[in-house]
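These come from TrEMBL:
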DOMAIN    106-288  domain 'FAD-binding PCMH-type'
BINDING   Glu272, Gly273, Thr274, Leu275, Gly276, Val277, Ile278  FAD binding site
SITE      Arg326  site 'Important for enzyme activity'
BINDING   Arg411  substrate binding site
ACT_SITE  Tyr472  active site, proton donor/acceptor
Amino acid sequence: MVTHFTEEISPSVWYGWGDPARAKPLAPGALEFLRRTLRLASVEAVHPPVDLANVRVGPSALDAMVLAELGAITGAGHVSTEAAERILHAGGKSTPDLLRRRSGDALDAPDAVVFPGSSAEVAELLALCAKRQLAVVAFGGGTSVVGGVEPLRGRFAGVITLDLRRMNRLLHVDPLSRTATFEAGIRGPAIEAALAPHGFTLGHFPQSHQEATLGGYVATRSAGQASTGYGRSDDLVKSAHLETPAGPFDAGSLAPGTAAGPKLLDVVVGSEGTLGVITRATLKVSPAPAAKVYGSWSFPSFAAGADALRRLRHDGVRGDMPHVCRLSDTDETASTFKLGGWKTGALSRYLSVRGQKTPALALFVWEGDGRQARARRRRSARILQRAGGIPLGPVPGMSWEHGRFSGPYLRDELLTRGVFVETLETAATWGRVEDTYASVRRAILDALEVNGAAAYVQTHISHVYSDGASLYFTFLSGLEKDALAQNARVKAAASNAIVAAGATITHHHAVGIDHAPYLGAEIGDLGIKVLAGIKNTLDPEGIMNPGKLIPIDTEETP
Ligand SMILES: Cc1cc2nc3c(=O)[nH]c(=O)nc-3n(C[C@H](O)[C@H](O)[C@H](O)COP(=O)(O)OP(=O)(O)OC[C@H]3O[C@@H](n4cnc5c(N)ncnc54)[C@H](O)[C@@H]3O)c2cc1C
């Protein structure tokens, strides 16, 4: 049996990702590639984060009485107003979040961080916060990249962050029905470690897996790297228990199918902490695979590769689809080879002779019984080759898997070296994938290439559906003096291009603050009112995560 290698790491450092001691520095060749491509005078590491002692954080707005009331619920040791703890909870992990904290600005930190130990404590805390008019931010791993855990006070007397890390148990496994119930604060590696003795996997591996939590997955509708095979978090979840200011809400059903009215579970899934706190959830699990089989193919262009993925999904037997299915555009393929230090001379010559001068690389992983997985790869290979793919063997896929959780460390090094880097994502129907790709890519480049600056945009597809695919853009440029304005400019340009293309404003990062202004274009004014009405029922005082998901001016409209 293959146990998914998912190593437990300590919660992230305050200015960046994970445990910096685990970061592998960029090789000199990769740095020179970046310097040349971005036309930078230097990529010396001269922009480090300020010292923690120099981070600005205001005094807590909570008085001794409120702190004592919080402590009476959780135990005083589980309520913190320490600056270091508040700074750690001052936001998520988007590039603007990190830029702010790295520059020493944590003035928006919560007034206190509270660590509840049970659903009952969460319920009591919400009742107290409603009474004392305190805003509440539910905090899982804090890996939001859309401002989802920003501790906005709104019109409230203060804001507390509820960090769910103490609620981290596997509660129940039903091996016959293949479901498991977890507390919400359990992180990715702990989920896999708890399921392994039962012979199961959740199969949910977002790149943030080592830090993100089950509650965060459900609250954001996350998609993992193997979601083409196992399904997204919103496919996996069967039921969830939500503590709301209006009382407990059990949404969903363990029944295999039901026609008992609208699916209220969908009110909770993707609610981003705006309705209440998910304290436990039951999700589908799968047998841990006996084997993994890897494959990679090269295509003459991104469009040709995308069409090959579509054909794989449409023409192949459904069960033959790989669990992991990733296609890089030609820019991402080139930078993967350069930054990864690959020696690609012979490969480039071979592909060039076969008509692929600027190849687009696709990686696949099939999981399951070894013999069957190999047969699925064989059948898929025929489709991929008919679609113009050249087989490149298992090594690129294995190498991607080996390094797949170390990518986030790279951003910290790049920011330190004066390189702006950020990502955004969308999804489009097959008929619109190519146009969406082209227009969003163009919008990002135009927004970054100002005043003679150079930029690099690379894109991949990592989730393949019957009717379309995701598009994930990573972009780099020199860090401008006002890097927050630089980020806002490119984010607005890309978001407008996504809306104009008729694609979704977010395929898996969720809405948070950053996408809230664009949600109306996707779900309509009435859709926003429906959301506001649900919020008004479950959170009549509006204390739950103000300013997220629902655009702020409509939030109070019943
Ligand atoms: C480097 C990096 C890589 C990423 N890769 C992926 C990826 O591959 N796929 C993907 O889908 N996303 C990815 N993300 C985004 C992020 O990891 C996901 O949104 C993840 O699901 C968030 O989980 P979390 O526990 O960190 O939630 P948090 O960041 O703590 O919270 C996210 C939102 O959910 C709410 N929330 C959290 N827990 C609860 C709860 N128990 N009850 C109610 N609301 C709650 C918060 O209030 C907030 O609105 C990535 C982020 C980073 C930084």
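Including glycine, each Cβ sits where the backbone N, Cα and C put it.
Structure with TrEMBL features highlighted.
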residue : record                               : Cβ contacts under 8 Å, 6 or more apart
Glu272  : FAD binding site                     : Gly148, Ala219, Thr220, Ala510, Val511, Gly512, Asn545, Lys548, Leu549
Gly273  : FAD binding site                     : Val136, Val137, Ala138, Gly148, Val149, Ala219, Met544, Asn545, Lys548
Thr274  : FAD binding site                     : Lys535, Asp539, Met544, Asn545, Lys548, Leu549, Ile550
Leu275  : FAD binding site                     : Leu242, Thr244, Phe249, Val267, Val268, Ile534, Lys535, Leu538, Asp539, Met544
Gly276  : FAD binding site                     : Leu126, Leu242, Glu243, Thr244, Pro245, Phe249, Leu538, Asp539, Met544
Val277  : FAD binding site                     : Val122, Leu126, Val136, Ala138, Leu162, Leu164, Ala184, Gly215, Leu242, Glu243, Thr244
Ile278  : FAD binding site                     : Ala138, Ala184, Gly215, Val218, Ala219, Ala240, His241, Leu242, Val268
Arg326  : site 'Important for enzyme activity' : Gln225, Ala362, Leu363, Phe364, Trp400, His460, Ile461, Ser462
Arg411  : substrate binding site               : Gly16, Trp17, Thr95, Leu98, Val421
Tyr472  : active site, proton donor/acceptor   : Thr423, Leu424, Glu425, Thr459, His460, Ile461, Ser462, His507
Any further residue of that chain within 8 Å (Cβ to the Cβ centroid of Glu272, Gly273, Thr274, Leu275, Gly276, Val277, Ile278) of the recorded FAD site: Ala138, Ala219, Leu242, Thr244, Val268, Ser271, Met544, Asn545
Those recorded positions in Gly273, Leu275, Tyr472 whose CB falls under 6 A of ligand 1, listed in sequence order: Gly273
Per-residue pLDDT averaged over the domain 'FAD-binding PCMH-type' (106-288), given as an integer: 97
